[in-house]
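Visitor: For 6-28, 49-68, 74-97, 118-141, the entry in TrEMBL reads transmembrane segment.
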Amino acid sequence: MGLFTTTVSYFVFSGLHLVCFALALAVCGLYGRDIHHANQLDKYADSKWVYAVVVGALSAVTCVVYFVPLVLRHAGIIAAAWNFVLFILWIAVFGVFGSMFIKEDPEGDGDVKRMKSAVWVDLVNALLWLISALAAAGYWWKNRDTRSQFTGRAHV
């Protein structure tokens, strides 16, 4: 698959997943900092933070897989369903940390400011994965292999 045979939709999906990849890595860094700090103090990492890093890692790995040119074309509805699962996971991360930090007053505390920013990054991640799920479903619907109703032989 050369550069001139790729479609515009591939570049649009690649751009969308590049942004999702960058934000997933940002979330891993934002939440991973607290996990690393807890590890240095010989304390257990809070499961909420571990969950956020796992969701970020799943998103990043998904984006790397989607960068392979033929994966999205052949994944079809499964890619759309997986993107929707990632949307649900990101909404859960946003809900957990949003309830903890949105109304919190940072009072000059840099860690609280960082976590308040991380909450909004979580929301943007969720919205981008929803857009990705809807776009993948639309792409699948438009480009699916349809056959005639009665014999199933003719392409419609």
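Backbone N, Cα and C define each Cβ position, glycine as well.
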Visitor: Near the transmembrane segment (74-97), which same-chain residues lie under 8 Å Cβ to Cβ, leaving out any that are not at least 6 residues past its ends?
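Guide: Hits for the transmembrane segment (74-97): 27, 48, 51-52, 55, 58-59, 62, 66, 115, 118-119, 122-123, 125-126, 129-130, 132-134, 136-137, 140, 144.
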Visitor: Counting only residues 6 or more past its boundaries, what in the same chain has a CB within less than 8 Å of a CB in the transmembrane segment (6-28)?
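Guide: Residues 52-53, 55-57, 59-60, 62-64, 66-67, 69, 72-73, 93, 118, 121-122, 124-125, 128-129, 131-132, 135-136, 139 contact the transmembrane segment (6-28) from elsewhere in the chain.
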Visitor: For the transmembrane segment (118-141), find every same-chain residue at least 6 residues outside the stretch whose CB is under 8 Å from a CB in it, and list them.
Guide: 9, 12-13, 16-17, 19-20, 23-24, 26-27, 30-31, 52, 56, 59, 72, 75-77, 79-81, 83-84, 86-87, 90-91, 93-94, 97-98, 101-102
Visitor: Given a Cβ distance threshold of under 8 angstroms, which distant residues of the chain, six or more beyond its ends, lie next to the transmembrane segment (49-68)?
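Guide: Distal contacts: 13-14, 17-18, 20-21, 23-25, 27-28, 31-32, 34-35, 79, 82-83, 86, 89-90, 92-93, 96-97, 118, 122, 125, 129.
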